[in-house]
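Asks: Submitted below is the structure of interest, expressed as structure tokens.
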């Protein structure tokens, strides 16, 4: 970077609040002064060189601060975090302040060159990289220890001095986005680029995947309706539907990779260099030296972590899986009771009672999933993983294993132990529909209703106060700080993952599964959009190039679906009649077909490129230009050395 940080001012007349910092009530004045000084200090002095302004509330308490930055500071920060922007020649390149004039739509007076989400991401990055220098503790709090290189914000959070940091909503932009996104019922695509500009790439990519998955389900739904209505039981049609399902599950996941590459290239995150991962806030241990960075930081024995995983976490997960199977057997006892009751009474009421055990079991499954999620988070945190990525991977593995068994064990038992296809169809339909209704209520409708009640109370209280402060800004901050925190896309992807399982694993038994999935996802798009805009605090943008480990999870589910559908085909009476003398021949034939289909699946995954040809060419061109630039730098350095040597 040619420009120095030292020429930046820490005061700007046109202050634009971007991020809110809430300190605990009663925070000591010396702590506040030290923390705010570190925020506004110059980079050369170890500060963040940002702008900060207290928001005085009606009771005179100053525990809320608004953080912003000058336009120049944000541009330099964009280079620091490695943002990729579009150039005038339509190529995508990492932004540098020295070459700012080459980027499309850049102008010194254009403050919209960086989106608000990008600006807030830059501020978050700078705050999180405020590090202790020679301080041994947080001033005023001797128990909150510091050491050189420790993130100040993370220590304040873990010590309870800092309550929360969150980005502010832009009311005007949010109103426009809400109108184009969910404000009116329409048939069309979501404004993914607008969502990305406001919420960032991670959330935009989730909604892009949700939209794509919904469209991808339509062929399955269209084929499934006549299959279900006309009750086709012929062998050839049965096999044809199952085979289409297997090819469909492979193609949609491979095509998504291409669409994902197109979106993330356009947004610039496909080219972003991965940031060096810092220790997560909850990580603790004895002080030691990081061999990579050379900085002093907590060190925790990997042996101790492995012992915690294998001696505590693994047995606990196995115990939870056993409990899930025990609850499943209770469900089958209820099913038998309902069946006996129906056979004795033969009435409309008894017919309805046949669905009651499945509904109760579906509710119990959702409750168990949510309780287990809290236990899995506690255990994974207790395992003391150093990196956030490692923490997330272990958490996802725990949750996926339990949710898979909890949701699908009863269906596997009915299909491959009881051999009751009628009960399998009934259970699958009940579990799918009930879980969708419960998720819509718990994730969107209930939080929206509670938030709306709180907003009404807050508006009445704020309007009744006679204060000289900016009422609209104070009202906005008060409302947003009490909103729920959006915890990421984990639960949203998990819901789609389980839905994909219901559709793909036993679709040939209940073809309407895809129909209900499409209907649910259409409402899910609107309810999730409402949730993001009205229910939760605005989350910080997080650049991402793909959907991460969830791609692997969906691909694993599609492989399992090949096995289950092949076995279901082999169990059909039509196939069984083809092998009247030897069941071993039937087993071998089903195994052969299953291996052939898996081979076709993996060949298709290999043949279909993950990135379109034009994206591959653009990436190759950028790589070539980077290598050429590096060669020129090496040549220039060699010439300088040669010149110095000749004139010595």
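In case you wondered, yes, glycine gets a Cβ from its N, Cα and C as well.
TrEMBL does not curate its annotations; it predicts them automatically.
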Asks: Of the ranges 191-211, 212-232, 275-295, 422-442, which one does TrEMBL flag as transmembrane segment?
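Replies: Checking TrEMBL against the ranges 191-211, 212-232, 275-295, 422-442, the transmembrane segment one is 212-232.
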Asks: For the feature transmembrane segment as recorded in TrEMBL, pick the matching range from 163-183, 352-372, 373-393, 457-477.
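Replies: Checked against TrEMBL: transmembrane segment maps to 352-372.
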Asks: Scan 117-140, 309-332, 525-548 against TrEMBL and say which stretch is down as transmembrane segment.
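Replies: Here TrEMBL associates transmembrane segment with the stretch 309-332.
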Asks: Please indicate, using numbers and ranges, the residues of the same chain that are 6 or more beyond the transmembrane segment (352-372) and have a C-beta under 8 Å from a C-beta there.
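Replies: Contacts of the transmembrane segment (352-372) (Cβ under 8 Å, skipping residues fewer than 6 from its ends): 320, 324, 327-328, 331, 334-335, 337-339, 341-342, 399, 402-403, 406-407, 410, 426-427, 430-431, 434-435, 438-439, 442.
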Asks: Please give the sequence-distant neighbours of the transmembrane segment (395-416): residues at least 6 beyond its ends with Cβ less than 8 Å from one of its Cβ atoms.
Replies: 313, 317, 320-321, 324-325, 328, 331-332, 361, 365, 368-369, 372-373, 376-377, 379-380, 423-424, 427-428, 431, 435, 490, 494, 497-498, 501-502, 505-506, 509, 549, 553, 564, 567-568, 571
Asks: What parts of the chain pack near the transmembrane segment (496-519), using Cβ distances under 8 Å and only residues at least 6 beyond its ends?
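Replies: Non-local partners: 209-210, 213-214, 217-218, 220-221, 223-225, 227-228, 238, 241-242, 245, 249, 400, 403-404, 407-408, 411, 415, 421, 424-425, 428-429, 431-433, 435-436, 550, 553-554, 557-558, 560-561, 564-565, 568-569.
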